[in-house]
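Participant: OK, Swiss-Prot features for this one:
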- 1-31: transit peptide (TRANSIT)
- Lys68: N6-acetyllysine (MOD_RES)
- Lys86: N6-acetyllysine (MOD_RES)
- Cys91, Cys93, Cys113, Cys116: Zn(2+) binding site (BINDING)
- Lys121: N6-acetyllysine (MOD_RES)
Amino acid sequence: MASRLLRGAGALAAQTLRARGPNGVAVVRSMASGGGVPTDEEQATGLEREVMMAARKGLDPYNILAPKAASGTKEDPNLVPSITNKRIVGCICEEDNSTVIWFWVHKGETQRCPSCGTHYKLVSHQLAH
């Protein structure tokens, strides 16, 4: 029984020594700054990391955020990004409306919603590659 305890204690001591660096200070084996739980930025990889880095710079390369609403007048229309020369748009018209009014917006002049008269304008958009 005693030999089993001594063997376990010796293995634990050897493991502790291996975890220390050459100067005797314990090596942190975590990617987190400060040895705690990693932050979202430290743990994110791939597309998630790319989106987080772009958001930090104030960019939205994959159109994840809601579009910025304008006043909807002819002078200040709602901008509709599109990679083609037309796009279908849905207008709710009123806050408590239960139906969506769908219509096509074509490149060029601003177009109005047939129901409420809100103006929309198609703008060219390039995909992020």
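A Cβ is built for glycine as well, from the same backbone N, Cα and C atoms used for every other residue.
Could you place the listed features in the three-dimensional structure?
Facilitator: Within the same chain, residues at least six positions away from Lys68 (N6-acetyllysine) with a Cβ under 8 Å of its Cβ are Leu79.
For Lys86 (N6-acetyllysine), the same-chain residues lying six or more positions away in sequence with a CB closer than 8 A to its CB are Trp104, Val105, His106, Lys107, Leu122.
DSSP classifies Cys91 (Zn(2+) binding site) as strand under the three-state reduction. For Cys91 (Zn(2+) binding site), the count of additional Cβ atoms within 10 Å of its Cβ stands at 20 [all protein chains shown].
If you draw a 10 Å sphere around the CB of Lys121 (N6-acetyllysine), it holds 17 other CB atoms from the protein chains shown.
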Participant: Using a 10 Å radius around each Cβ and all protein chains in view, which of these binding-site residues has the most neighbours: Cys93, Cys113, Cys116?
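Facilitator: Of the binding-site residues Cys93, Cys113, Cys116, the highest Cβ count within 10 Å belongs to Cys113.
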